[in-house]
Amino acid sequence: MRVILAKRAGFCFGVKRATQMAFEAAGMDKKTYTLGPIIHSPQVVKKLEEMGVRALKDLDSMDSGTIIIRSHGVASHEIAEAMQKKLEIVDATCPFVKKAQEHVKSLSETGYGVVVVGDADHPEVQGIVSYGGDKVFVVGSGEEVRKLPIMNKIGVVAQTTQSFENLKNVVSECLQRGGEIRVFNTICDATAVRQEEAKELARQVDCMLVVGGFNSANTRRLAEVCAELQPRTHHIETAAEIDPAWFEGVATVGVTAGASTPKWIIDEVMGRIGEINKKN
């Protein structure tokens, strides 16, 4: 059985940067926490906990020490609270997410109604929305644009892990409503390239494994695009979840991983597939 690992599987720039900053902060002799999980990888969060860095839901219990801002960013009022408490802030927000936050702030301040393309329940989107005024709307598709109030000036940004196709659909609907429209493509290049590579790989193989946290939006999206082309697609978080029965009658297996999946998890998955391969 041949196994092909996607070239761009694993950490993206923003996640790599955030984890590096978190582990560096963990090595200092200070009371250190992350505001929310640093990335959507339970394994990385656990490793940080073992080093004494716990994830907090809010800042209520903190009156001193270091707070690390998660890669997805946080709400503007939480940054303000950390500053008001004079906490030492390590801002590990992904630069692409930061750019989306800045665009929303600028658009709102100049009188635009803002449309954020993304998942309203995702912490990245909730953080982005907080930088705008009272005319910020989250839509998951072009259809949802039709439910929005009429606005003369519309600004559009996207959650960094959205598909370009979905952004185009939303913009198309906005254009049909008339008025002035400004669009900022805040989709991370790594996300788009990773999805295209995963699609190409899914077309070539008999079975596809997508590795990453079940709470990771970009990993779930990878699994979705792969499943559209290869029905035998399995989203797993660790090597322990692999079922040897998946590979019955399979000549070629493809493996990709989300942007928040650490290399050691990918290595364990590849090792487990190798073990199954030897037995067969």
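A Cβ is built for glycine as well, from the same backbone N, Cα and C atoms used for every other residue.
Going through C188, C207 against Swiss-Prot, the one listed in the [4Fe-4S] cluster site together with C12, C94 turns out to be C188. Taking every pair among H40, H72, H122, S216, N218, S260, the residues listed as contacting dimethylallyl diphosphate, the largest Cα to Cα separation comes to 15 Å. According to its DSSP assignment, S260 ((2E)-4-hydroxy-3-methylbut-2-enyl diphosphate binding site) is coil.
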